[in-house]
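Asker: The annotation signal peptide is assigned in Swiss-Prot to 1-27 on the grounds of similarity to another entry. Annotation comment: Swiss-Prot describes 34 as C-linked glycosylation site. The active site, proton acceptor feature in Swiss-Prot is assigned to 42. Residues or ranges marked as N-linked glycosylation site by Swiss-Prot on the basis of sequence analysis: 44, 92, 111, 138. Annotation comment: Swiss-Prot describes 50-110, 64-122, 82-137, 89-98 as disulfide bond. Annotated 3'-nitrotyrosine per Swiss-Prot: 60, in sequence order, evidence recorded as similarity to another entry. The substrate binding site annotation in Swiss-Prot covers 65, 66, 67, 68, 69. The active site, proton donor annotation in Swiss-Prot covers 155.
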């Protein structure tokens, strides 16, 4: 007998496992708001070298992220972009909370070249450029985000 695809316990466990893995790849650490996590991932490049800067992000996520872009600008400047006209997000056009930077900024793109199960052994190459960017913005967390920013960036949707 062949098990039914969608009622098989093995298939169900596999599906749930895959969904859990996919969800965890995009999850933020629980101690941060989405705006705080955005700042850690895309603004606060703690080192001029990707391998060192990515260690901070990877330690929170407990894995080596494949790629990441750091905008060499301030959080306040990105918050200002949230005031630009809203547009559909290129990565998900059903969302209309994205905003185009309007000006190019210097950025560093980090690309994983040496993956490892040990986070400290992951190595990255970096590419610098000046590009426009598109961010998704949402209302801030009234308790944990800075009160001067009612709307904050929560996702770097695209660099162009």
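Every residue gets a Cβ built from N, Cα and C, even glycine.
I'm curious about the neighbourhood of these features; can you describe it?
Answerer: Same-chain residues at least 6 positions away in sequence with a Cβ under 8 Å from that of residue 34 (C-linked glycosylation site) are, in sequence order, 28, 138, 141, 152, 154, 155.
Residue 42 (active site, proton acceptor) falls within a helical segment according to DSSP. Packing around residue 42 (active site, proton acceptor) is summarised by its Cβ count: 22 other Cβ atoms lie within 10 angstroms of its Cβ, all protein chains included.
Residue 50 (disulfide bond) falls within a helix when secondary structure is assigned with DSSP.
Residue 60 (3'-nitrotyrosine) counts 16 other C-beta atoms within 10 Å of its own C-beta, drawing on all protein chains shown.
Secondary structure at residue 64 (disulfide bond), taken from DSSP and collapsed to helix, strand or coil, is coil.
Under DSSP, residue 69 (substrate binding site) is assigned to a strand (E or B) in the three-state scheme. Shown in sequence order, 42, 107, 108, 109, 110, 133, 156, 159 are the residues of the chain, 6+ apart in sequence, with a C-beta less than 8 angstroms from the C-beta of residue 69 (substrate binding site).
There are 24 other CB atoms within 10 A of the CB of residue 137 (disulfide bond), with all protein chains counted.
Residue 89 (disulfide bond) falls within a strand segment according to DSSP.
The Cβ neighbour count for residue 92 (N-linked glycosylation site), using a 10 Å radius over every protein chain in view, is 13.
The Cβ of residue 111 (N-linked glycosylation site) has 14 neighbouring Cβ atoms from other residues within 10 Å, across all protein chains displayed.
When secondary structure is read from DSSP and collapsed to three states, residue 155 (active site, proton donor) falls in the strand class.
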Asker: Near residue 65 (substrate binding site), which recorded positions out of 50, 82, 92, 122 have their CA within 10 Å?
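Answerer: Neighbours among recorded positions, in sequence order: 122.
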Asker: DSSP on residue 122 (disulfide bond), three-state: which is it?
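Answerer: In three-state terms, residue 122 (disulfide bond) counts as coil.
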Asker: With the substrate site defined by 65, 66, 67, 68, 69, which remaining residues of that chain have Cβ atoms positioned within 8 Å of the Cβ centroid?
Answerer: 54, 109, 110, 111, 112
Asker: Please state whether DSSP places residue 82 (disulfide bond) in a helix, a strand or coil.
Answerer: coil
